[in-house]
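Feature annotation from Swiss-Prot assigns transmembrane segment to 33-53, 77-98, 113-133, 178-198, 226-246, 288-308, 320-340, 347-367; the stated evidence is similarity to another entry. Residues or ranges marked as heme b b562 binding site by Swiss-Prot on the basis of similarity to another entry: His83, His182. According to Swiss-Prot, the feature heme b b566 binding site maps to His97, His196, an assignment based on similarity to another entry. Look at Swiss-Prot and you will find His201 tagged as ubiquinone binding site.
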Amino acid sequence: MTNIRKSHPLFKIINDSFVDLPAPSSISSWWNFGSLLGICLAIQILTGLFLAMHYTSDTATAFHSVTHICRDVNYGWVLRYLHANGASMFFICLFLHVGRGIYYGSYTFSETWNIGIILLFAVMATAFMGYVLPWGQMSFWGATVITNLLSAIPYVGTTLVEWVWGGFSVDKATLTRFFALHFLLPFIIAAMVMVHLLFLHETGSNNPTGIPSDADMIPFHPYYTIKDILGLVLMLMALLSLVLFAPDLLGDPDNYTPANPLNTPPHIKPEWYFLFAYAILRSIPNKLGGVVALVLSILILAAIPLLHTSKQRSMAFRPLSQCLFWLLVADLLTLTWIGGQPVEHPFIIIGQLASILYFLIILVLMPLASIAENHLLKW
């Protein structure tokens with residue numbers, strides 16, 4: 001008699017995805033982040049669901065409902081800070097996951113990669129709308145500044161902004177629709193994750209060497225289940241340390257002041273995980289140009305498979321490309337720092353140079369380095 005996990009229509013899908021899945025024997029801890037992202041999504045949906053039970057999406061009561069959650073709801077403060085810092089962990093895992101994909105050439109699985117880019121946009125949109133919900137000063141002004149960018153679109157811009165706002169400014173209608181969309185999007189993301197995995201399992205995983213590993217596969221369970229559990233324990237330790245010891249470390253103090261349309265905060269800035277894109281946006285003096293650069297800063301990921309000029313898939317054996325990759329990482333850290341600084345000398349010029357370097361590395365230097373490496377290896 002066949003084992004039920006191999007014969008039952010539903011269990012069979014789970015078995016083929018998490019138990020008997022053939023996986024390369026050489027994949028390192030950089031391959032842990034996919035499962036960690038799945039767990040982050042589950043944590044966000046669960047904590048978000050319980051927070052939504054106590055939250056009210058009305059401009060008059062939103063701020064106080066969050067205060068009520070923290071003060072009066074049983075373990076409400078844990079839920080709130082798990083959700084807020086869970087978003088930070090989500091983005092840390094996302095950036096590492098994408099970085100791994102670039103370093104080891106996983107982007108050559110074009111369907112998986114493109115769905116991943118759409119997922120990244122969806123998660124960023126969800127996080128942005130979530131930041132608006134507590135209705136603090138930074139929530140309100142962040143929403144005003146970022147939604148206002150749509151007005152840079154020629155001809156339809158102003159109409160589009162007022163349509164998004166549901167009025168002539170960020171107000172009650174905006175908050176209500178942002179709450180509705182913030183609740184809905186994670187479930188759409190979960191469905192897209194299924195598609196992401198579906199495409200991945202069509203090809204199988206890549207590995208650090210970038211060489212096909214069909215001849216050397218091992219079952220996912222128990223080898224990678226136990227490896228993923230180790231990654232999970234380490235991530236949860238980091239998340240819980242953040243939640244229990246420094247819950248406001250990554251937040252903005254301005255968000256503890258209720259939203260006031262008559263008082264603009266001195267420095268409007270988004271959460272830390274958007275600062276690199278915000279720095280690129282601010283580094284261009286023209287409004288439309290800034291918006292285009294902002295979108296391209298993420299959309300450029302779609303160009304990476306098209307610009308792959310190397311005869312090798314992975315960067316594991318390509319020192320020139322490795323140097324450029326780590327230069328790109330340093331550049332992104334610089335942009336993140338600049339995004340949190342005021343618009344004054346010397347931050348303006350540093351931001352502009354870092355923005356130019358970002359696009360230059362991806363569009364020009366990396367493809368050229370790959371061609372040079374091909375010649376050095378006489379390929």
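Cβ atoms are placed via backbone N, Cα and C, with glycine included.
Shown here: features listed in Swiss-Prot, placed on the structure.
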| residue | record | Cβ neighbours (10 Å) |
| --- | --- | --- |
| His83 | heme b b562 binding site | 21 |
| His97 | heme b b566 binding site | 19 |
| His182 | heme b b562 binding site | 21 |
| His196 | heme b b566 binding site | 22 |
| His201 | ubiquinone binding site | 14 |
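Tertiary proximity for the transmembrane segment (288-308) is limited to same-chain residues at least six positions away from its ends with a CB under 8 Å from its CB atoms, namely 98, 102, 105, 107-108, 110, 113-114, 117, 120-121, 124, 149, 152-154, 276-278, 280-282, 355, 358-359, 362-363, 366-367, 370. The two recorded residues, His182 (heme b b562 binding site) and His196 (heme b b566 binding site), show a Cα separation of 21 Å. Between the alpha carbons (Cα) of His201 (ubiquinone binding site) and His83 (heme b b562 binding site) lies a span of roughly 30 Å. His97 (heme b b566 binding site) and His83 (heme b b562 binding site) are 20 Å apart (CA-CA, integer value). Listed stretches 33-53, 77-98, 113-133, 226-246 were compared with the transmembrane segment (178-198); the greatest number of C-beta pairs under 8 angstroms is found for 113-133. Within the chain, the transmembrane segment (226-246) has long-range Cβ neighbours (under 8 A, six or more residues past its boundaries) at 29, 32-33, 35-36, 39-40, 78, 81-82, 85-86, 88-89, 93.
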